[in-house]
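Below: one structure, written as structure tokens.
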């Protein structure tokens, strides 16, 4: 497909999983992956696209296992929120080193570390071409960072949520287990619900559907994929009404 002369989106919400930041490492943050992602975000800013970012925390902390071992779920989720703040600090630093203006906003107050989340301030920053990183999820336990991505996407009136993953999009089945699995180019919200496709948790997905917020799932590990998505190429899977 021919590349459009201009980006097809003006404002996006990029959802990065914590695992994406760990690269080949089993834990933590791979500095080279972080820097590559910062460069890809920089490309979007240079194209005039307004970028909001939500990052997960699974590379640093996973509450599910500890919850099974008896830890209170609320405590585990609070720890997970702090993990996303750590990832957000790392991403903000990588963007600053790439000469990109970026602000980190947290849904839980962490004075002296990052700004408190403010919807109006976030919109203002985006309009001035600042990258805004949203950390600490929704600020509430029992909600995933996918829910946070959809919530922030709706709040900032993003054109789309771009969910960066390790696979090329949404498949009819797990492509690792089933080599015959089909990659979908486009789906409706109803298709995803009826076929019980694994895109996001139900709370996050329903939020996006109810507010007609399109979701595009793509492989962030493919160099240039993010740019191709915003330029309107058929990269990954688009889920819309």
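Placement of Cβ uses the backbone N, Cα and C atoms for every residue, glycine included.
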**OP:** Looking at the candidate ranges 17-22, 23-28, 29-34, 35-40, report the one that Swiss-Prot labels region 'Involved in allosteric activation by GTP'.
**Re:** 23-28
Original post:
Swiss-Prot has 77, 138, 139, 140, 141, 142, 143, 144, 145 down as binding UMP; which of 57, 65, 88, 153 does it also list for that site?
Top reply: 57
Original post:
Apart from 57, 77, 138, 139, 140, 141, 142, 143, 144, 145, which residues in this chain have a Cβ no more than 8 Å from the mean position of the Cβ atoms of those residues at the UMP site?
Top reply: 80, 81, 137, 147, 148
**OP:** Out of the binding-site residues 140, 142, 144, give me the one sitting nearest to residue 58 (ATP binding site) by CA distance.
**Re:** 144
**OP:** To the nearest whole angstrom, state the Cα distance for the pair residue 165 (ATP binding site) and residue 57 (UMP binding site).
**Re:** 14
Original post:
What is the one among the binding-site residues 57, 58 whose Cβ has the most other Cβ atoms less than or equal to 10 Å away?
Top reply: 57
